[in-house]
Amino acid sequence: MATRNGFKELVLPSMAMVAAEFSNVIISILVKAASLKGMSFFVYTAYCYILGSFVFLLLALLLRKSVLPPLKFPLFSRIFLLALLGFSAQILVCKALELSSPTLASANTNLMPAFTFILAVFFRMEKVTFRSSSTQSKIIGTIASIFGAFVIVFYKGPKVISPSFSSSPSSSALLQSPSVFMSYESNWIIGGLLLAISTLLVSFVYIIQSQIMKMYPEEVTVNFFYNLFGTLISLPIGLLAEPNLSCWKLSSSLAAVAVFYSGLFGLSFVCLVHMWGVRLKGPVFVTSFKPIQIVIAIVMSAIFFGEAVFLGSVIGSLFLCTGLYCVLWGKAKEEQEMKDDESGLSTINGRIPLLQNQLS
């Protein structure tokens, strides 16, 4: 029973978060490649929200519950704010990918655990007791994860594993082209600034998600309205930004793949998993997996595209995995302490009536 509870409470959410970050890596590559083919990110964002709305409407109908909590204005206002922040962050990310690269985008996600942890402490969603081993473990783990991810990005080192096969011409053109993964223009700095702003916005998104999940713990319904509000925001703005209707035609197959994959796996699967993780474990737990995007990109490149693995990637991955383990251990320790406190309180409450009976 304990093993089953441990799998459900920690292993399953961790596996889901890794799968979500895997999808995010693929989305970044597809969006960058499609933007090089002339895809408008305003059109891309609007189509993704429309597709996400249909997916969650279908899920809401298939998984319809007989009784749902009432939908009130405070909930709708928070979901609308969530959609506004999500839309703004997505536009900034798309523009930044156009100016820079998926590598820089993955590097900027390393800031998200720190941003989210600070915001969670500020909004009193995370308890900080510096003498507590759980708090110390979470802080050390967050710092180690960020440090490891930046080691991967900025330190190359000698080659550890040489490519054992040559990648196909199509994959090489997509993933090894400097235009996809690197940008040598001054726009790199602007792209990095936009990514940093989007990272801060997404951190706020997770904080608001946590509040919404406490008010209305129904992920499918909340995600449907999130995508619906996102559609109502992105569609008119997209039409103003791209009034030429020919821009709304997905002329290339790559643009169509980017839209459908992002709509089905980005605004559907990833959003659902993240919101479920926020309700189950909190925003800090979800964002602690963000730096793992770089490790996933390295593994994908080595296995599927025959790219070499360098010492910096190995060292950074060790720091990152160690930091992630520290965060997960600290979170599990904190939850166990809360359970012990609750059981102790219930025991005390159970003894009070007996004491009162003896006194009477």
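Including glycine, each Cβ sits where the backbone N, Cα and C put it.
Unlike curated records, TrEMBL annotations are generated automatically.
If you look up TrEMBL, you'll see 12-35 (among others) marked as transmembrane segment.
Summarising the annotation, TrEMBL assigns domain 'EamA' to 16-153 (among others). Residues in the domain 'EamA' (16-153) partition by DSSP class (helix H, G, I; strand E, B; coil) as 112 helix, 0 strand, 26 coil.
Positions annotated as transmembrane segment by TrEMBL: 41-63 (among others).
Residues annotated as transmembrane segment in TrEMBL: 75-93 (among others).
TrEMBL lists 105-125 (among others) with the feature transmembrane segment.
Summarising the annotation, TrEMBL assigns transmembrane segment to 137-155 (among others).
Summarising the annotation, TrEMBL assigns transmembrane segment to 188-208 (among others). Packing against the transmembrane segment (188-208) from elsewhere in the chain are residues 78, 81-82, 85-86, 88-90, 92-93, 95-101, 104-105, 108-109, 111-112, 115-116, 119-120, 123, 125, 274, 278, 283, 286-287: each is 6 or more residues past its ends and has a CB under 8 Å from a CB in it.
According to TrEMBL, the feature domain 'EamA' maps to 190-328 (among others).
Among residues of the same chain six or more beyond the transmembrane segment (220-241), those with a C-beta under 8 A of the stretch's C-beta atoms are 40, 42-43, 45-46, 49-50, 52-53, 55-57, 59-60, 63, 68, 71, 76, 79-80, 82-84, 86-87, 212-213, 267-268, 271-272, 275. According to TrEMBL, the feature transmembrane segment maps to 220-241 (among others).
Positions annotated as transmembrane segment by TrEMBL: 253-277 (among others).
Marked as transmembrane segment by TrEMBL: 284-304 (among others).
Under the heading transmembrane segment, TrEMBL lists 310-330 (among others).
When Cβ distances are compared across the two stretches, the transmembrane segment (284-304) makes contact with the transmembrane segment (12-35), since 3 or more pairs at least 6 residues apart fall below 8 angstroms. In terms of DSSP helix, strand and coil, the domain 'EamA' (190-328) has 118 helix, 2 strand, 19 coil.
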